[in-house]
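Undergrad: Here's a structure for you.
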Amino acid sequence: MRNAVDIKTLADVKEKVKHEKRTHCLVLNKYRVNELLKNKDAKIWFLNIFRFPSVLKFREYQGCLVETGPYDGEVLRFIHSYVESLGGGEVSGQVSGQVNDQLSCQMTSHANDSQAGTPLADAPLADCRLIPLNARFNRALHELMQREGKGVLEGVDMRPEEGDERDVAAEGGGVEDVAQQGAAHQDAPPALEKLLRVIKAEGIQIRTIQLQFGYDNMNTSQVLRKVFPSESEVIHKYEMIGHIAHLNFCERFENHKKVIAEIILDKNKSIRTVINKKDSLKNVHRTFTIELLAGEENYLTMLRENDIKVKLNYELMYWNSKLKKERDRIYSLVENNSIVVDVFAGVGIFSLHLSKKNCLCFSNDINLHAYNFMNVNIKLNKRRSILTYNLDARAFVCMLLRLGIFSRDTSTLAMQLGEQNWRNVSLDFVNSAGRDVVDAGKGKKRAADCKVDCKEDCKEDCKEDCKEDCKEDCKEDCKEDCKEDCKEDCEVKDCKAGDSHQSNSHQSNPHESNPHESAPRDKKKKLAHGDANGPLGERPPGVAATHGGEEVPPEPTNNEAEQKAEDAPTNETHQVDINLGIYGDVHVLMNLPQTALDFLDVFRELLHMYSAGQKDPQGRCRRDQMRNVFIHCYFFSKPELFYEHAERNIRMQLGGIPREMKITEIRKVSPSKLMYVVEFNLKDVFSQGDQLG
C-alpha cells in the first residue's frame, strides 16, 4: 500500500485505492430478482457501492466465488433451522428447484468446478443472479451464529465502508437501529428475520464472494479520504463557479495539490478547470493571482443562482458562491418597490435578484471589467430597472446625494443617462406601479413591433440586435420590409412604436434625418456627452476609476465578449424623469468586508443635511423628511471582538451610533477571522451626528 507521500500522479491514486471485500451473497433465479429488490426489508442488507451493480450475473462473477468447503452449506442450514424455530414455512421447490439442485451439487464437489462440463458451466446457470450483501448483514449473521457456538468465515468484512450505508427505514427503526437491535435482543432484528424468511421460503442459496473495488467505485470524497487517511481536514469541498472549481490549499497539501486537482477534475464531468488562490484579496478590484492546477485555462464562465444567469470572468473580477444564503437573506429582507444602492456590486448579483421585486437599483463597481459584465448580465436576464456605474464608491454615493434619492420630498428624479443605462432601463417599467401589467406583454412581439425591428435590421449599425430580438417567424417580414415599397410604412410604425422601448428609437443612424422624429418628448432629451449638464457618474469604458485617488489602469480582457465593438455605448445622453413616489425605503449594500466600514463617512453629509436638530421653514423636523436608509455593511473581525469593532468604526465614521443595530455572522473565513454584516437605519443615528458641521 502506497503512502500519501508517494502519490504523484492519478495512476498512483488508482493503484492506492484498490481494495477487496469478502462478503456473503444471495444466489437466486433472475426472474425473482425484481421482486426481492422491491422488498424494503431485504433491500437494506444489500451491498451499496458507488457505481457497482447491486445484481451480478453468475457467469461473469463465477471466478469471484470463494472456496469455503462446507461453510456455505452450514450457513444455509443455520438459516433454515433458525427460521423453523421462529415458525417459518417449508422451502418452495417450484420457484428455484434447478438452482437448488445445481448449487447443492456445487457445494459437495466444489473442487471439480473448474473442469469442463460441471454444473456451473451448464446453460441453466445463465438464469442465476448474485446479490452481494453488506457488512451489516455479515455482522448481524455473526452475532446470531455465535449464540449457536458458530461464527462466520474468517476474513468476511464486518466494517461497512463509506457509501455502503442505506437510509431505508426498516420496521421498528432506521438502518442504524437495525444494526443495534441484534445486540440488544436475543433474536435477530425484525428486518433481518424477514430476509431470512425470504431466503428459506424462496429456496435462495448463500455463497461467499470476494469482490474487487477501486477508483471507479469511489466518489471524490472517498478517494481523497482513502489517499490521505491521516488528515482530518482533507479537501473534499470546494467552491464552484460555473465550470471552475476553486480550492484554497494550506501548506501541508502543497506537494499534493495537483494530484488532488486531477482527482476532482476526473471525478466531476461538469468541472473543466481547477484553480488555487495564491494570495488574498488585497487590491482595489478584489482579484487574486490564480494558479491553474488542472484542466483548461478558461476563466470565462456562466453560472445560475435562483434562476438568474450570471456571466463573468473569474480572473478579472470578484465572485463568491458561498454568499448565496446571504443574498437570499437580503432578498427576503428587502420589500417590494424599494430603492437599492449597491456600492460594491461586482457583477451585479444583488441588483439582479432584487429587481425581481420591482426595486429601482443603482449598482456600482470600480472594476471596469465587473461593470461591463454587470451590463452583460442585465441584458442576459432582461432586467429593466438597474442603473450601472463605474465609479469610486465615495463619488458614487455623492452622486446619489446630489440626485436627492434619499429625500421623501423628491417625487420626480430628473437625471441624465448615458447610452449604456439608456439600454439597461425601461422608463415605462420603472415609472409604473403596476409592473405585472407591463411584464405580461413580454411573451410575443406584436406585428408592429416586429416591423419596427425589421427596419432596424436593414441598417448596418443594428444587425446584431436584430439577430437576437427578431424571431424566426419574423425574418420573412424583415426581408419584405427592406424593400423600397415598404420603407414609408416602416418609418411611420417606427414613430408610433417609439414609446414601447426606448432603445429602438435611438439605434438608427443619428446623421440620418427623419421627418417623423420632429415631435418633442418631455421625458427624453438628447445631449452631447461633453455638455455641462452631462450625465452624473456614469463612466464610459476606458476612463480610470479610483477608490483612494490613485489612477487604476484597466486590465487586459483577452478579447472577451465585453470588448465587442458593436456593444460599446455611444457618447449620446438622455434626459429622463423617474417617479420616486412609487418607491419606499432605501437599502445600501456595502459588500467589501475588508474596508467597507471605512466608507461610512460618506454618509456624514446626508446626516448633516437631515439633522435632527434642524427644522424646515414649515417647522417640520428635517430628519423626518429623510427616507429610511437601511445600511448593510459587511466586515471582517475576530469572533470575540465583532460587536466592539463595528460600534467603534460606526462611531468614528458617522460621529454617532444608531439607536439599534443588528450584527449577523455570515461565514467563517478562518478560525480567527469571521465575516459579519452590521445593519441599521441611518435615520436613527443621533447624538454626535446631530452636531456635525
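Glycine is treated like the rest: Cβ placed from N, Cα and C.
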Undergrad: Of Asn48, Asn591, Asn628, Asn649, which does Swiss-Prot put in the S-adenosyl-L-methionine site with Arg327, Asp365, Ile366, Asp392, Ala393?
TA: Asn591
Undergrad: So if I measure Cβ to Cβ from Asp365 (S-adenosyl-L-methionine binding site) and keep only same-chain residues at least 6 apart in sequence, which ones fall under 8 Å?
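TA: Those within reach of Asp365 (S-adenosyl-L-methionine binding site), by Cβ under 8 Å and sequence separation of 6 or more, are Met317, Phe344, Ala345, Gly346, Gly348, Tyr371, Met374, Tyr389, Asn390.
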Undergrad: Tell me, by DSSP, whether Ala393 (S-adenosyl-L-methionine binding site) is helix, strand or coil?
TA: helix
Undergrad: For Arg327 (S-adenosyl-L-methionine binding site), what is the secondary structure state per DSSP, taken as helix, strand or coil?
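TA: Looking at the DSSP assignment, Arg327 (S-adenosyl-L-methionine binding site) belongs to a helix.
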Undergrad: I'd like the number of other C-beta atoms within 10 A of the C-beta of Asn591 (S-adenosyl-L-methionine binding site), please.
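TA: By my count, 25.
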Undergrad: By the DSSP assignment reduced to helix, strand and coil, which category contains Asp365 (S-adenosyl-L-methionine binding site)?
TA: coil
Undergrad: Within 10 Å of each Cβ, count the other Cβ atoms and name the one among the binding-site residues Arg327, Ile366, Asp392, Ala393 with the highest count.
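TA: Selected residue: Ile366.
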